[in-house]
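*Asks:* The transmembrane segment annotation in TrEMBL covers 23-42, 48-68, 92-112, 124-141, 148-165. Feature annotation from TrEMBL assigns domain 'Acyltransferase 3' to 24-166.
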Amino acid sequence: MFNSQISINYKERKILMKNSKRLESIQILRAVAFIAIFLSHVELLSSGVFGVEVFLILSGFCMVYAYGETGKYKVTGIKENIEFAVKRIKKLYPLHLITLVTVAGVIALGLIKKENSQTEISEFVFYFIMNISLLHSLIPWRDGYFSFNAVSWYLSVSMICYFFFP
């Protein structure tokens with residue numbers, strides 16, 4: 001009797017896994033990568049970059065696995081790619097926008113209070129435009145892609161990947 005309960009639960013679990021298109025082993029690896037990233041941010045681990053790489057690769061794999069089913073994945077145009085990216089990002093974008101405007105306001109106050117060169121003001125405007133459009137991870141220097149809100153670079157990378165995915 002005990003074994004039949006286990007096999008029923010296993011079968012139910014297998015059906016649920018098939019329907020949800022989630023791979024538990026991949027989710028566990030993503031969790032380990034997330035923990036490595038977190039520990040690196042609190043400076044308990046120095047190799048958080050490895051966690052970021054693993055997390056990005058596994059996230060991409062999960063997207064292909066979920067959308068790669070026949071009939072779900074098809075070649076699309078620019079309009080559909082933009083719609084897909086917007087749909088994926090819209091949950092996180094309001095928080096990004098609030099943070100960006102807050103930090104930009106504080107930086108702008110600092111720029112107003114001191115004498116600035118035209119270069120500093122131009123750089124501020126450029127970084128702000130790149131951040132608000134979530135394209136700042138394309139800036140090839142550290143001050144650019146970590147400008148305003150350093151952790152939002154991941155949202156920028158995600159948006160760019162989502163644009164190319166469908």
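Just so you know, glycine gets a Cβ as well, placed from its N, Cα and C.
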*Asks:* Same chain only, please: residues at least 6 beyond the ends of the transmembrane segment (48-68) with a C-beta under 8 Å from a C-beta of the stretch. Say none if there are none.
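*Replies:* Those are 21-23, 26, 29-30, 32-37, 39-41, 154, 157, 161, 165-166, in sequence order.
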*Asks:* Quick check on the domain 'Acyltransferase 3' (24-166): DSSP residue counts for helix, strand, coil, in that order please.
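*Replies:* Split by secondary structure, the domain 'Acyltransferase 3' (24-166) comes out as 108 helix, 0 strand, 35 coil.
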